[in-house]
Amino acid sequence: MNRQNKAKTPKKAAPPTKPKPSLSKDPVEVFCRLRPNANVADLTCVRRYNDTTIQLVSPSSPRIELFYSFRYVFPETATQKELFDCVALPLVSDLLAGKNGLLFTYGITSSGKTFTVTGNPQNNGILPRCLDVIFNSIGDNQSRKYAFKPDGQNGFKIQSTPDAMLDLQKEKQYPRAAVATPARTPKIKRKENDENKEWEQREKETTSIELPNFDHAYAVFISYVEIYNNYIYDLLDDTMSDQLKLRQIQQPQSKMLREDSRKRVYVSGGTEIEVKNSVEAFDVFMKGVRRRRIAHTALNAESSRSHSVFNIRIVQAPRDSVKEVITDERFMIVSQLSLVDLAGSERTGRTQNTGERLREAGSINNSLMTLRSCIDVLRENQRANSNKIVPYRDNKLTHLFKNFFEGEGKIRMIICVNSGADDFDETMHVMKFAEATQEVMVTRATDPLKMIFESKERFETFDLRIPSSLLDDPDDDKVFPEWIEYFEERKKNSEIKFLTLHEQEQRFRSQLADMEAENMFLNKQVSVLKADLEVRENQLKTLESKCSHAERMSDNKAKRIEELEKKHKDLQREIDEMNRQLDAFEAEKREMKIRMREQLDHERERLKRIFERLLSEKQAELERQQCLTKEKMHLVKEILNSDNTDWEFLREYRESLYPNLPTENAATASVCPTPEARTQSTISAATVKRKSVADFAQSIATPPVHGEASAEPTSPKISSAPPVVNPRHRRSLSTGTEKWIDHRPPGTLDLGTVLRPKIKNKRSVTNLKELGTNDLKQCSKYALTHHEAVDNGEVETYVFKGEVIPSVGGGSQVIFQDVESLKQNSPPGR
Ligand SMILES: Nc1ncnc2c1ncn2[C@@H]1O[C@H](COP(=O)(O)OP(=O)(O)OP(=O)(O)O)[C@@H](O)[C@H]1O
């Protein structure tokens, strides 16, 4: 259900009574404009009650209805033209009549303030319309350019025609900085050109106001500043924006407020540009808008977070008969119209701003709060007839417009209202402020035109009427001499004036001639410069194309950089992840190392114990073997020293050592023993059977029949015949050069077998006693041959071999290293 249609008794039924204008004071006029809702389905909280009243309905319960009255309420459907005609046109009319005016828009963000002031190419706002009407009205009554020149202290001086022409000439030669455009990239240039073209095609305002005085020459000056964070920045200062662009300065320089000789506040050092038509004026304004963007980039600001002030000043002065401005500054009138687009009035709590934005919001609130305080104090002073100090100086915004509130001109305010229900609270604050504002009475400004027309000086300078005293009685005789005197006086004055004018004319002519000459010279220079310009323009075009190429490249590069940065981030993440894994792995590795070291120590300990056990076993074994070797040595020694008649003790000894050794029948002789066989032979050496020589002799005497032994191994027959020498099986003990001791105890037979050593370099002995100490020293090898009769009639021959080495006691000792044995049948028939 539509809330607006619901008939309810208004809580504040009667709109407030507006202060009645007194003869010398006018109230601040407040107009209200409703912005159409972007989404029709949205809930609204504002309704236009009638032409002057607004109804505000709270969206939540308890339902509150509030009424506020203003000079006029524009509905959502109101056009820009309607608004302009009603609100701004009277101010333009005042402006042309030499009176000041201040028009500001107030409201929350997006309520349509900028739309109302500037608008768009299709819907021109107040500002372009004001410019159109001003120039439509002035028409041909414009002064020559530079006839009026700002004096830098909020005033103007009137220049003589030659001076004005000289300045014009200078401007043509050296285009003014204010008109020059700062260097821009082709992309920005294109954008600006498109924007300009759009605005050029705007529908211009055709209204024209009749000028109050056609004898006057008019000049239009514009200035554009913004107030951001309580600093004032000049938006028409080219040098500043150039420096910003070239990064010579980090931030734009703020401007100071000063008071002129007539206590009027102005922006000190602010740029003021004279414009000759509305297109030029709007072009300058748009440049200001662009510089505002640049300044905001440098300041990290948002456009809607600053107050912008666009000033139009009209300077007018009487002209002479040749339509040149009379250079008498007493008759000059300067009037100003300020169009102010205030920043959004929403409170910080709602916007939830932080950091820089919070500071901005705080600053906006401060300036608007100061404005409210000033309004409150002004109201209070007027109500109570008190004289409290108005805190204009607390903020740049109020300080700048101090003069308006003190009677310098008319003040009008447009409050822009967004009818959305979400903005109820903020809208209510705006309404309250607006209502309070229109209660302030501002002293009406004096009419400067009237003052000048009524002034004595003007009368004396311009009025040619004959004084009425001379016309009282035409018949009076005294009158004529007075007439004559009066006219002679006027003639004299006229002649003086003529002479002065003639002098001025001559001066002007000579100046003109000089200028002509200079002009010709300059024309030549201009043609040279034009040629140069053409070349430069070509260069510029080339550079521009390069620049656009570079821009494209830069865009691509930026994209690439973005991609790479993304990739880099991904990789960084991966690296971080891997580092994390690596750390975990390192920690695990350290733990494992500690564990392994512990295991290693444990294993080492275990092996050490095993090794020590084995070592001790081995040592015991070695000691046992040493004992065994010693025993063997002893045995061999005994054999050597005995007459080898009784070998039984060897058997006993062997059996005592190796009780489990197999019987001799199992042993097989090997002529060329393998290491195992050699070991076996060595053992065999220790297991030499102890047999009597008689047994052996008997075995030789009764040898078994050839082949019989192998045929009947179980019934051995002892052969009594000596072993047969087989001449085919001969081998030498050694083919080396060593000297051998060939020990063959008595009874040793040459059996003709391969065991029979054939040693070249030898000393043969039957008993070792035959050898002297020197003989032993000369020999390095020792061989002992020994026969034994085996039970089955076979003969077993042993050859014990050893190294002769010198002993510690100076003698010699033999270390047996090898034993060879051979079993053979006793050869038959011998
Ligand atoms: N009366 C209107 N008719 C049509 N469109 C409007 C109207 N008022 C405002 N708008 C649109 O609403 C949008 C916001 O308006 P605008 O920028 O003028 O708000 P603002 O009050 O100046 O905001 P800020 O304080 O942020 O500068 C713009 O797109 C504008 O075109």
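Keep in mind that glycine also has a Cβ here, set from the backbone N, Cα and C atoms.
Unlike curated records, TrEMBL annotations are generated automatically.
The ATP binding site annotation in TrEMBL covers G107, I108, T109, S110, S111, G112, K113, T114. Residues or ranges marked as compositional bias 'Basic residues' by TrEMBL: 1-11. Marked as domain 'Kinesin motor' by TrEMBL: 27-440. Residues or ranges marked as region 'Disordered' by TrEMBL: 1-25, 701-731.
For the recorded site, I108 (ATP binding site), the DSSP three-state label reads coil.
Selection of the binding-site residues I108, T109, S110, K113 by a Cβ distance under 6 Å from ligand 1 yields, in sequence order, T109, S110, K113. Here the domain 'Kinesin motor' (27-440) returns a mean pLDDT of 84 for the predicted model. Taking each of the binding-site residues T109, S110, S111, T114 in turn and counting other Cβ atoms within 10 Å of its Cβ gives the largest count for S111. In three-state terms derived from DSSP, T114 (ATP binding site) belongs to a helical segment. G107 (ATP binding site) is surrounded by 26 other CB atoms, counting those within 10 A of its CB over all protein chains shown.
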